[in-house]
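Engineer: Below you will find the structure I want to go over with you.
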Amino acid sequence: MANTSLDMASSTSPSPSPESTTTPRKRIVVVGLGMVGIAFIEKLIKLDTQRQYEIVVIGEEPHVAYNRVGLTSFFSHREVEQLYLNPLEWYKQHLQTSSLTHHLSTAALSLSPATKSLTISPPPSTPSLTTLPYDHLILATGSSALLPTSTPGHDASGVFVYRNIADLQSLITWSSDTQIKGSTGVVVGGGLLGLEAAKALMDLQVFGRVVVIERNGWVLSRQVDGEAGALVLEGVRGLGVEVLTRKRVKEVECDESKDEGEKEKKRVKGIRFEDGEYLACSTICFAIGIKARDELAREAGITCAERGGGGIVVDDSLQTSAPDVYAIGECASWKGQTFGLIGPGVEMADVLAFNFTQAHLHTPRVFKRPDLSTKLKLLGVEVASFGDFFADRDGPKELPPKLRRELKKSGGKAEVKALTYKDPFLSVYKKYIFTSDGKYLLGGMMIGDTTDYVRLVPLVKTHKELDVPPSQLILGAKKSGDDNGDDDLPDDTQICSCHNVTKADLVAPLKSGECTSLGDLKSCTKAGTGCGGCMPLVTSIFNRTMASLGTEVKNNLCPHFPEYSRADLYNIISVKRLRTLPDVMREAGADADSLGCEACKPAIASIFASLWNDHVMSPAHHGLQDTNDRFMGNIQRNGTFSVVPRVAAGEITPEKLIVIGEVAKEYNLYTKITGGQRIDMFGAKKQDLLKIWKKLVDAGMESGHAYAKSLRTVKSCVGTTWCRYGVGDSVGMAVRLEERYKGLRGPHKIKGGVSGCTRECAEAGNKDFGLIATEKGFNILICGNGGTTPKHSVLLAKDVPPTNVIPIIDRFLMFYIRTADKLQRTARWLEALPGGIDYLKEVILEDRLGICASLEAQMQELVDSYFDEWAEALNNPAMQERFKQFANTDEGQPPMEVEIDRGQERPVMWPREDEGGSAKADFKGLRDKWSSTTWQPVLEASYFQGADDLPNGISASIKRGDTQLAVWRIKGKYYASQQMCPHKRTFALSDGFVGTDPSPSSCSSSALPPSPPSTPPRSSSPVTSPPQSPTSSATPATTASSSCTTNPSGPASPWISCPFHKRNFSLTSGSCKNDNELSIATFDVEERDDGMVYIKLPPVDELDRELGTKKWMVKKGEAGEGQLRELDELNKSKGVEGKKGRRGRKPGASEAGKEVGKKLVEAVGGGGCGGPGLEW
């Protein structure tokens, strides 16, 4: 299976870049095929998804790029191919896909910046090629090993350097001479490279003695102090390598002999030191330093450094003094420094490749002081140095910003303290250097035990203030709290704020056995029956508690799918390509003919949307949608809807703002800026939605999907667009992400954010996916959320180039959509995911499951199939018919009284349920109490055409006098009830889900309870009849040809789930299935041959007395004087009310205490500055 990991050289995923790929490619010529040169090429190929460049690289050696850091291993296998950084096939592959051409055994002879051309020695593969024109030239020529040219005998036979494969091969050939066996081999230089060379001489196994000569008092003098060096010295000597310290070579003494051609030849005989001592030897390897290879640039007139090791002078962008010529790696001199470690060279390559490919989407990166931390195993000794490891000797080079500001303010001097640990028995030495207050780690060194290296280096890089004493770092003591232990919430934690249900309230009935299912728990405690936002946590507590009691907890979607979770159903629907609820019920349901319920319907609708992306109002899917999706707007407290056009990344033009203002003013809509940086218009009547959206769509706006379990917004700060601190183009990236994922539906809502720097103004760290710009790209954080149980995001990937952001997020979102449970946010999903973030990284970044290509392709298919739902609805007459308050009249009726608040109209407050908020009258008993009933025609039966084939049937809201009624046709049967849900006295039952309990066996329409016999005369005129008992009803004289009548109570009788808080009412008995205190009135209903639907109703005035809208609608004053009345009174008494533009003043503690006393202190909790006054 093809590896689609992002470590591959290229990605086929679309880039957010708007640039065209038809422009001619620019040529980049790279001089030098070493580790830094190939690092640049790899990064450029990876980032250049638009294929803007062709690359030509030349290398002097006959080998492709190999690992110079691992040169010592060459002596064990002597196969250079084992050191190759990429196999030869890699070069062939990218010749085809990325226009990479490489020439080996080819030297750069001269450079002409004026003509932008490079003269080269003819490559063996292309002898006619002598000149390479370039658009950009990258000099990665590296360095050469220093030889002491002033030392006599430095050029004798037997003198080597330790730099490349050719040096090692020469050393191997030399050591095969029989004269060498048993002799002494010498390494001059006790640094990193010198100790590596010493190991190489040992591995040759021909020298009787290997000696290292170091002019300082200890080895590794550039990495460790004297005490640490002495410990290394002890370890090296223990392995059989002799070390002479404080020795300087005066002369290499030679034997002068003649070869077969009688040509004089000098051969190493020994070393004379400056102190007069002599050491006989046959072989010398100099490892005394390096010199930058800058001759090509120097001869071309490009500025080079004159001191130190030379080097081609570069600026922070790594450009030389010549236009379009750059230098990276050991040949580059940055701020007077050259770097002989691979790390800084790779960082240079990274910066340059990023700027060539990503700078048009992001702030160009600059090269900064590199991290010179090293961790090596030299001759069996573990050695590491990190950060400012000589800060105690030379003074600190850099201080944490916070400390630097404090010292600047106080005029103090930077002081450091070193903490040292030495264990002579285990040969362990550690020295960590801290600021004088012990709050910051600046650097350190480790010998013998380097296990803490990975943990400590980030503390230095990030300047993180320590939360443990320095001694705990150096001793490796366990930080208090490292053991996470039990992360369960305390028992008194409030889980459901709507009904003030604590964790203990949920656990107790489960442990007592009173509740054995999630539905029982909701009915018993009322948790999750309010806003529903606590349900993920309620479910989690239920599952944990039941598991602790030894009860098996099945993660099935609902009773209709007892064997399958949402993820299971996703796979079944995907593989079998199911597209309707009946199809799914037949394939996976407990009852093939079931209508489903309020749990499985929206979950299956979400799966359909994630797979097939059909319109939510299409006939097959409309009945599966919750009320918000059903009318493409969030239903509000009073039954009206909110209107939220998309404002990608919060960026909006003045023209669109004006249109929004005009629409809000025309339809008297309450307006508010949302937390997602867009404008919400509240109070839109269902019958006005089409007209409102027509104006918005005509102005170039589209649905913001604020109503859907889908991508909501991608919030952004202004980033580099305006902010002087901006590092990345957060607005541009957020716009691209929101435009890409708009309309994407999932198990729950999805929110994103992009911040332009670490100040994090967009709060990307608590989003389902968030980006924070860094100098190298973006850090990608995932699986955070606010809500009932807030959770900070976790880091998925660091420093991701902009072109790789989208493939990663594509994979993450699709994997979440495929595997999450119903109504499970990404935070809870990750918590429940086996293996957690480490496993997710393997799946998303390393393609552990081999599905990354599939995830990207599926996301692209959804992106390509996007359409604006509101624009489609405006062009579909059938959809438009659904936007009516009443099916039998164009009249409107307000569902709740309104009041003016801060200049805008809003619905009055709901009273508390225990103070009249719920209508707990015996509505179901009205069937026995009507003085008389007559069959009344209410609506043409054609309105319900096609209902029998739909998962929710077809419903209608009917106005009769002042009373609102609801009528359904479901699987050939009619049902009627009051429109009002008594829980909150809202008028919306006709817009709810219809559900049935699953039968033990498959049901058909014939298995439903039979219709009552027909006795009333078939007539359009009212016919009176006496009241009937709940178990008997007046029957019509003749039934319609469809035999379609009221369905009495039975095992498969349907219920209606209120769209507000999911109270479920039987459409036959009127009883509430999940709240025994509530009920609704139901009515007999039938279709007759005259094409009308009839409901058996009492007289209008009697109907209105019991069910009239004016009687039950929530009115002003019912909720009391308001939650903030006391606060308003306080402000009024302080003279604050109504003032604008005032300067803040803080009341004195004594004055506040006199006026409001203890009550104010309890309400506010005191001020953050120590006073009890209010702080806003």
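One-based numbering along the chain as shown.
Cβ atoms are placed via backbone N, Cα and C, with glycine included.
As the structure is a computational prediction, the values presented were derived from the model and not from experiment.
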Engineer: Could you check which of 1-23, 461-483, 898-920 is flagged in Swiss-Prot as region 'Disordered'?
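Structural biologist: Of the candidate stretches, Swiss-Prot labels 1-23 as region 'Disordered'.
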Engineer: For Cys717 ([4Fe-4S] cluster binding site), write down the residues of its own chain that are at least 6 apart in sequence and whose Cβ falls under 8 Å from its Cβ; none is a fine answer.
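Structural biologist: Once residues fewer than 6 apart are set aside, Cys717 ([4Fe-4S] cluster binding site) is near Cys723, Gly726, Ser730, Val731, Val754, Ser755, Gly756, Arg759, Cys761, Ala762.
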Engineer: Based on Cα distances to His1061 ([2Fe-2S] cluster 2 binding site), point out the closest of the binding-site residues Ala198, Asp203, Cys534.
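Structural biologist: Checking each of Ala198, Asp203, Cys534 against His1061 ([2Fe-2S] cluster 2 binding site), the shortest Cα distance is to Cys534.
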Engineer: Here are the binding-site residues: Val31, Ile41, Val188, Cys757, Cys1058. Which has the lowest count of other Cβ atoms within 10 Å?
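Structural biologist: Cys757, out of the binding-site residues Val31, Ile41, Val188, Cys757, Cys1058, has the fewest neighbouring Cβ atoms within 10 Å.
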Engineer: What mean pLDDT does the predicted model reach across the domain 'Rieske' (942-1094)?
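Structural biologist: The average pLDDT of the model in the domain 'Rieske' (942-1094) works out to 73.
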Engineer: Which entry in the list of binding-site residues, Val36, Ala198, Cys496, Cys761, has its Cβ near the fewest other Cβ atoms, using 10 Å as the limit?
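Structural biologist: Result for the binding-site residues Val36, Ala198, Cys496, Cys761: minimum number of other Cβ atoms within 10 Å at Cys761.
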Engineer: Mind giving me a neighbour count for Cys981 ([2Fe-2S] cluster 2 binding site)? Other Cβ atoms within 10 Å of its Cβ, every protein chain shown.
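Structural biologist: Result for Cys981 ([2Fe-2S] cluster 2 binding site): 27 other Cβ atoms within 10 Å.
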Engineer: Nearest to Asp203 (NAD(+) binding site) in three-dimensional space, by Cα, is which of the binding-site residues Lys26, Val36, Ile41, Cys981?
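Structural biologist: If we rank Lys26, Val36, Ile41, Cys981 by Cα distance to Asp203 (NAD(+) binding site), first place goes to Val36.
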Engineer: Quick one: of the binding-site residues Val31, Val56, Cys534, Cys1058, which has its CA closest to the CA of Ala198 (NAD(+) binding site)?
Structural biologist: Val31
Engineer: Mind checking which of Ile213, Cys723 has the fewest other CB atoms within 10 A of its CB? They're the binding-site residues.
Structural biologist: Cys723
Engineer: By the DSSP assignment reduced to helix, strand and coil, which category contains Val31 (FAD binding site)?
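Structural biologist: SS state of Val31 (FAD binding site) = strand.
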Engineer: By Cβ count within 10 Å, point out the most packed of the binding-site residues listed: Ser183, His983.
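Structural biologist: Its Cβ has the most other Cβ atoms within 10 Å: His983.
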Engineer: Does DSSP put Cys723 ([4Fe-4S] cluster binding site) in a helix, in a strand, or in coil?
Structural biologist: coil
